[in-house]
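Engineer: Take this structure first; my questions come after.
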Amino acid sequence: MEGDAVEAIVEESETFIKGKERKTYQRRREGGQEEDACHLPQNQTDGGEVVQDVNSSVQMVMMEQLDPTLLQMKTEVMEGTVAPEAEAAVDDTQIITLQVVNMEEQPINIGELQLVQVPVPVTVPVATTSVEELQGAYENEVSKEGLAESEPMICHTLPLPEGFQVVKVGANGEVETLEQGELPPQEDPSWQKDPDYQPPAKKTKKTKKSKLRYTEEGKDVDVSVYDFEEEQQEGLLSEVNAEKVVGNMKPPKPTKIKKKGVKKTFQCELCSYTCPRRSNLDRHMKSHTDERPHKCHLCGRAFRTVTLLRNHLNTHTGTRPHKCPDCDMAFVTSGELVRHRRYKHTHEKPFKCSMCDYASVEVSKLKRHIRSHTGERPFQCSLCSYASRDTYKLKRHMRTHSGEKPYECYICHARFTQSGTMKMHILQKHTENVAKFHCPHCDTVIARKSDLGVHLRKQHSYIEQGKKCRYCDAVFHERYALIQHQKSHKNEKRFKCDQCDYACRQERHMIMHKRTHTGEKPYACSHCDKTFRQKQLLDMHFKRYHDPNFVPAAFVCSKCGKTFTRRNTMARHADNCAGPDGVEGENGGETKKSKRGRKRKMRSKKEDSSDSENAEPDLDDNEDEEEPAVEIEPEPEPQPVTPAPPPAKKRRGRPPGRTNQPKQNQPTAIIQVEDQNTGAIENIIVEVKKEPDAEPAEGEEEEAQPAATDAPNGDLTPEMILSMMDR
């Protein structure tokens with residue numbers, strides 16, 4: 001116990017010496033020599049009683065050894081007596097200067113408390129008491145004698161920096177904030193005369209009290225800390241201590257506190273780029289300019305940044321500093337290494353779409369995918385109306401204008417505009433020279449082994465969540481099985497019209513079909529009053545009739561020389577074309593269209609005469625029977641009723657002058673045939689041939705024609721076939 005008390009007194013003496021050394025601040029400032037103004041009491045330990053005068057009036061708690069985030073208090077207690085005006089105003093209170101503490105910045109590590117002592121006449125025998133008894137004796141002595149005669153005067157040797165507040169702590173623990181006018185008068189510090197000194201700016205503060213309780217050397221100490229929350233500022237807390245300030249002889253500068261959780265971001269004014277650092281923004285701004293100050297001394301190529309230049313120089317020297325830890329490959333840049341590991345080893349896809357389940361290895365591919373949701377096509381061709389979602393497809397499209405073919409077959413040296421076309425050429429034309437890798441799960445044959453690995457990973461890897469078919473509710477855990485299942489829906493006409501029997505495979509076709517029922521034509525021409533059901537019809541109409549620069553493509557039929565604006569129309573015409581001299585088909589037969597129409601007419605006539613056919617006997621079996629009487633009644637003015645022809649549909653490529661005109665009426669005759677068994681009379685219409693030059697003589701009967709005249713091409717007409725069937 002005695003040893004602990006002695007150690008406590010020795011520590012208090014050492015801290016008192018440190019406080020006295022700061023007293024020489026003003027003298028060194030004025031150039032004077034340092035002189036000690038007080039003598040430390042000597043500790044005498046003679047083995048018996050050890051008596052020491054302890055000046056243990058604690059006036060201030062200095063937090064010198066606290067965490068660097070706390071500002072330190074800098075005060076100095078000087079010996080002397082209080083002025084008569086101040087003696088009357090001092091009561092049982094203590095004036096303490098406290099600092100601003102931001103408790104939310106980071107955890108606080110409470111260090112040692114340094115005690116600055118002022119001599120008070122209290123004598124305690126150290127050998128027979130403890131620290132607790134020492135504190136009790138001090139309180140009793142203070143209550144008896146008071147502090148009127150020996151009250152120390154607190155003199156701030158430094159101006160209160162920003163974040164400090166002076167409070168008055170009463171005997172019972174009351175805390176009162178002192179305003180500037182209530183403080184004792186102080187002389188102007190000498191350092192304010194320094195031309196380099198700048199007083200700190202004052203800012204509004206909010207007071208918040210919090211208590212810290214900690215244990216130091218077995219003693220519980222309750223410290224009240226006042227947290228003055230300032231407005232949001234930038235910067236970090238500077239580590240300031242009393243020794244550094246005294247040595248530099250300059251007051252501390254106000255610190256800027258950055259609150260936790262608030263991140264400062266910088267945004268580009270020309271695009272939506274954001275970054276957390278100013279240096280990143282400056283580097284990004286160079287991408288909006290054509291400035292390339294860093295030039296390669298080997299090839300003359302220039303770059304925006306030094307990093308890009310270094311990576312380029314590695315391509316000249318062959319240096320690949322970034323090596324893959326999973327394989328033997330090395331890369332020029334760290335970005336290439338990261339991309340390689342994600343594609344080949346980790347298969348990580350950190351960039352995910354917020355609208356669907358798509359995920360990508362590269363952020364550029366994610367941006368391109370998002371444009372498929374928004375429909376944005378920012379990359380426009382300068383020579384035509386083509387627009388693309390990414391620059392790669394635009395470059396590939398520009399080759400159609402320039403005629404460039406950068407991809408060459410290594411076998412036959414044929415050149416292509418796209419790499420995919422070249423690969424397909426090699427697989428189709430040079431299969432004997434290409435190594436084939438068969439997929440063990442399906443019939444796919446792949447030329448390269450790396451492509452086989454990609455195929456296995458994408459098509460046959462197990463999917464935990466499973467993917468649902470877009471056409472039905474089936475769920476599959478393998479992409480290949482899902483694709484094969486969806487192919488079964490390919491020819492299925494899932495969309496059916498509710499007003500007719502029309503069905504189709506795609507929804508857009510059903511939408512266009514329903515417009516035939518509603519009569520809706522939403523696409524109107526801006527140059528005339530015509531409207532259309534489809535946009536492509538509107539575009540075609542505009543090009544043909546309103547575009548002065550439009551030159552229609554001419555597709556010429558090789559048989560008759562007709563021209564068409566569409567290839568499929570010309571191909572359909574060529575199948576039925578017989579050449580410029582006739583209307584027969586390619587082999588001299590009838591055209592497909594005429595055959596189809598003739599079959600339809602024959603079918604309708606068969607249905608009309610089905611009843612009479614069932615009632616007629618087989619005339620071929622009754623060879624011995626006599627033929628029925630035949631009467632010919634020529635019609636003076638035959639006017640057969642012919643159905644009105646349907647409106648001619650205007651087709652592209654057909655000359656406007658040619659329309660479907662009905663054939664001229666030929667003289668006909670009606671033959672009445674009476675059946676002897678049933679008595680039924682049937683009328684048969686036959687054509688009568690008349691010679692234009694020779695007229696029949698009087699009294700001479702015209703010979704009935706039991707069958708119609710032959711067709712111009714030598715084939716039987718429907719009337720001839722019906723008459724033969726009746727006989």
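Here the Cβ of each residue, glycine as well, is placed from N, Cα and C on the backbone.
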Engineer: Ranges 127-149, 150-172, 219-241, 495-517: which does Swiss-Prot label zinc finger?
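Structural biologist: The range carrying the zinc finger annotation in Swiss-Prot is 495-517.
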Engineer: So which of SER279, SER402, SER419, SER461 shows up as phosphoserine in Swiss-Prot?
Structural biologist: SER402
Engineer: Which candidate in LYS449, LYS689 appears in Swiss-Prot with the annotation SUMO2 cross-link?
Structural biologist: LYS689
Engineer: Quickly, which of LYS18, LYS323, LYS649 does Swiss-Prot have down as SUMO2 cross-link? Just give the residue.
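Structural biologist: Among LYS18, LYS323, LYS649, the one Swiss-Prot marks as SUMO2 cross-link is LYS18.
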Engineer: For the zinc finger (294-316), give the DSSP counts of helix residues, strand residues and coil residues.
Structural biologist: 11 helix, 4 strand, 8 coil
Engineer: Going by Cα-Cα distance, which of the modified residues (THR289, THR317, THR374) sits nearest to SER402 (phosphoserine)?
Structural biologist: THR289
Engineer: Of the listed stretches 266-288, 351-373, 379-401, 407-430, 523-546, which one has the most C-beta pairs under 8 A with the zinc finger (437-460)?
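Structural biologist: It is 407-430 that shares the most Cβ pairs under 8 Å with the zinc finger (437-460).
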Engineer: Over all shown protein chains, what is the count of other CB atoms within 10 A of the CB belonging to THR374 (phosphothreonine)?
Structural biologist: 9
Engineer: Across the whole of the zinc finger (495-517), what does the mean pLDDT come to? Round it, please.
Structural biologist: 88
Engineer: Applying a 10 Å Cβ distance cut-off over all chains shown, what neighbour count does THR317 (phosphothreonine) have?
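Structural biologist: Within a 10 Å radius of the Cβ of THR317 (phosphothreonine) lie 9 other Cβ atoms.
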